[in-house]
Structures are given as structure tokens and as C-alpha cells.
Amino acid sequence: MTESISEKQAEVSFNTASVKNHPTPTRNEDDTVLAELGYKAEFKREFSMIETIAFAFSIMGVVASVTSTFSFPLVSGGHVGMVWGWLIPCFFVMAVASSMAELVSSMPTSAGLYYFSAKLAPPKYSALASWITGWANITGQITLVCSIDFTCAQMITTAIAVSSDGATIMSAGATYGILLAILFAHGLVCSAATNVLARLNLFYVMVNGNELPDPIFSTVGTTIAAITALLVCSGDNKVSTKDAFTMFENNTGWSNNGWAFLLAFTAPMWTLTGYDSAAHISEEISGAQRAAPIAILVGVFGTQVLGWLLFIACSFATVSVADLLTGSLPLPMGQLFLNVLGKRGMLAIWGFIIVVQFVTGAAQGVDASRVVFAFARDNALPGSRWWKRINGRTQTPVNAVWLVMAGAAVCGLLGFSAAALSSLAGASVIGLYVSYATPIFLRITSGRDKLVPGTFSLGRWYMPIGIIAVTWVSFIVVLLVFPPSQAATAQEMNYAVVIIMGVFFFASISWVVSAHKWFHGPIKNIDDSTLSVEGKELEF
């Protein structure tokens, strides 16, 4: 990459000229940018570029996420749902991720999405745009923590069932108890110091380094191992290439096959969430304007490619969709591994997948806590004075961490419903993607001339890419509130709409009654009217 790329040469570019003399920005340079955004530095900047990429990648946890959501494409299209139900949404998600990367590069702050909305909205509606985005994002963040940890609990119960040869099938109550234990463990992990969290995620994704442990613990390694095992160990017991890519089965309960297929999009949409984490930890990143957008783009693209390859392997290895759907195990992917690898082989790879999902949940817990902290820092939450406190020893928002875990525990009560995963997945995707789309919509409307480009810029392509992103999110929000079948019972109801509308009514009533009087969007927390950094005086 050259040091300067002209706009004529490339519309989508990284402007490295701005960091020509400082390939790795210092803490003071990062803090200068943060001060220009109105915030003082409160975190230690201990996430490097590679650790930031690892963090964004870890939240999507491809092999564990595919394992968790395998039932969606199985029901909604069978082999076609697996292969094409994953691939098609990837193109549209990349449009969302690219737009977000541009915003993060321009405004690297933990406030993230709701800060972007405030700055890009018309001044009259700045606070309202920020309020809507913030509440949508918090809703998605907490339900995503819950859904990740809930599926981690399901993985553990699946392992227990297989190891006991089906003699021990855990109840919904026992699964909820395991969920609470996982949430408690994640609360402890997420309360740790920043340098501990950074090393944890680097350990998880795994890059070359003398001090690093065996790479088998990485998400990439586990994903490749799963793909290889399914293709090799299935031997001749595979479907044909034609069937793997074109065989369609509708097991949804919807009579329209086209609509049934669209419901398979739930799997990639749930997996491809949380990449805004790079924004929420940007105040803990060294060289945030460059590292954060790279982390988003690399994390999303890498997850898309590995996820598609894994689904293709699953499609070849799935001889009977019906057998997987009617099995006694909580997760159909467990039955597929058991069929292909046998008991020992299944439990071996399943153990690594559980580890991946556990660390994915920990990473998401960190992300969610930073969102809560940032929103509380601007006094937008009830009890903000508690949730915005930084622990003096760890320099992390410990109170915000435990608020997230408590909220996830409440959402986990949906585990007693037959449609628990679809409800939690739908709520998390809707909440997060609404918060993604809001600042993007403002970017292509009222904020066309307001954005100061950072290191990464889409150039003139921001408009068509932004339109695609907003249109896609509008479509997916409508899709994910529908139940899995036309004749849904109370047990099978998709309760995502209950969660989303509950938060919507609370936030709306709060705004109308009082919040519009005292919430004015992001609050500058630098006391002095000027701040000197490396001899430069910053005006506010």
C-alpha cells in the first residue's frame, strides 16, 4: 500500500498519508483524536491491531455460531438453505460492515453507533437519533450475550446426552441453571483488566508467536478441523454434488417455499453480528482510526468465507435432513457430528466448539458492557451514575458488566419456550441491525456533508453502499419478527417482537415524559475549554 492514494486512483481507500510519520500511532495521538470528539481517555490502550481483529473475529465465533444456528437452514430449505441461505445475505452484510467501518474510522469512540447518529442527524433531532440508536444497540447487545450463552449451555447438555448414550437428557430448568453459571463466569472474565481481555482474544483466534499456545484452540483451527472431519470421515456416505447445492426441503410449516427459504437467513444474520465491537473498544485500541475499520472488514469477510465452507461441508455430510431434525439432541449439529464421527470423535471436536462459544460469549460480554458504559457516561440509562463507574484496580466498567449479565439472565427465561433460540436470535439481530442502519441512513441523508473522513473512506461509493445497507436491514427486520410456522402456538411463538416492542415502548415513553428535557446526546466530559496534547491546543 502506498503512502498516499489519490481519490482518482481509488474511491475506497485507506488514507495512510495521515499517519505517514507515525505508522503505529502513540497513545497521545489516539487520545488527541478522542479529545476532538469530546471525550477524555479513561481506558488503557492495550489492544493492538492484531488483537482488535481477533476481538472482532471472536465475537462472531464462526464454528460455534454455525453449530448454534444449524437448525434454521435445515428447517428452511435443507441443503439449499445451508448453502445459499448463508451466501446470499453475506453480500448485503458486507455493505453494512463497509459503511460502519467508514464511520468508526472517522469517529473512534466507545459511544460508537449512537455517537455517530448524534453527529450525523439534523441538530434538531440529534438527541432523538442518539436515543433511538443507543437503546436499539443495548437491546441487541444484551440479547446477543444471552443467545450466545444459551446455545453454549445447549452445547453442554448435548455433550452430556451423547456421553451418556442418551440416558441423561437435561431439562429446560437444568439448561437455564447452566446458562446462569456461564453468565457468572463471563461476568468475572469481563471484569478483568484490559490487557487480560486482549490476551484472551488473541489466544482464542491464534496467530503465530513464540509465547502463544497450541493453535488448535483457535476458531480458525476448529472450523477447518470441522470441515475436514465432515468431508473426510463421511467417506462415501455423502449426497451428490447436485443434491448438496440444489436439494430443497421445506420443514417450516409455511406453505410458500420462497418465504420458507428466506427464514434460513436467520443463521448468517445472527452469526454476522457484533462486529461493531471494534467501535466499542476503540478507546482501548492503539491506532484506532486504522485498526478498528480493518478489524471490522477482516472479521466479517473471514467469518463469511469460513461459514460458507462449513455449511457446504455440512450439506455434503447430511444424508437425511429429517433424521437430524427428529433427533433427541438439543442441537442438530451434534447429531450430524455423531453420525459422521461416532461418539468419541463427536465429543472431541464438540469440546473445542464449546470452548469457542464460551470465549465468543466472553467477548460479546465485553462489547455489551462498553456500550452500557458509554450510554451511561452520557446519562442515558436509569442509574447511570452506577453504570458509568470505572473500577480503580482493573480500569474497566465492572458495574456495567454485571448489569449486562443480569439483563441476559432475565432474557434467558425464554429458554423455557420451544422457540427460545429464534426469539433471542431475532431480538439480537433486529436490535443490533437497527442500530447499525440508523447512522448509515443519516450518513446518506442529513449527514452527507458532515462526516470528516478517517483513515478508511468509501469515497463516492458511500451513497450506493449505504442505500443497499439500509434497504437490506429494513427487509431483514420485517423477516425476523415472523414465527417459524403459519400456525404458531404460544410455545412456538417468536417472542423477538415482544422484547423489541417492550424496549421500544419503554424508550418512547421515557423520551416523551422526561428524557427529551434532559438527554441531549453525547456529553463532552473534558472539563477544560482547551486541552493540550503534545504541545497542540484543542479548542471546544
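Heads up, the Cβ atoms here are built off N, Cα and C, so glycines get one too.
The transmembrane segment annotation in TrEMBL covers 53-72, 84-104, 176-196, 216-233, 294-327, 347-376, 397-418, 424-442, 462-482, 494-514.
Among residues of the same chain six or more beyond the transmembrane segment (424-442), those with a C-beta under 8 A of the stretch's C-beta atoms are 69, 96, 99-100, 103, 113-114, 116-117, 120-121, 129, 132-134, 136-141, 143-144, 146-147, 150, 266, 269-270, 273-274, 276, 411, 414, 466, 469-470, 473-474, 476-477, 480-481, 494-497, 499-500, 503. Highest Cβ contact count with the transmembrane segment (294-327) among the listed stretches 53-72, 84-104, 397-418, 462-482, 494-514 falls to 53-72 (criterion: pairs under 8 Å). Remark: the transmembrane segment (347-376) makes no contact with the transmembrane segment (84-104), by the rule of 3 or more CB pairs under 8 A. Of the Cβ pairs linking the transmembrane segment (462-482) with the transmembrane segment (53-72) and spaced 6 or more residues apart, fewer than 3 are under 8 Å, so the two regions do not touch.
Taking every recorded stretch in 53-72, 176-196, 494-514 and counting its Cβ pairs under 8 Å to the transmembrane segment (397-418), the highest total belongs to 176-196.
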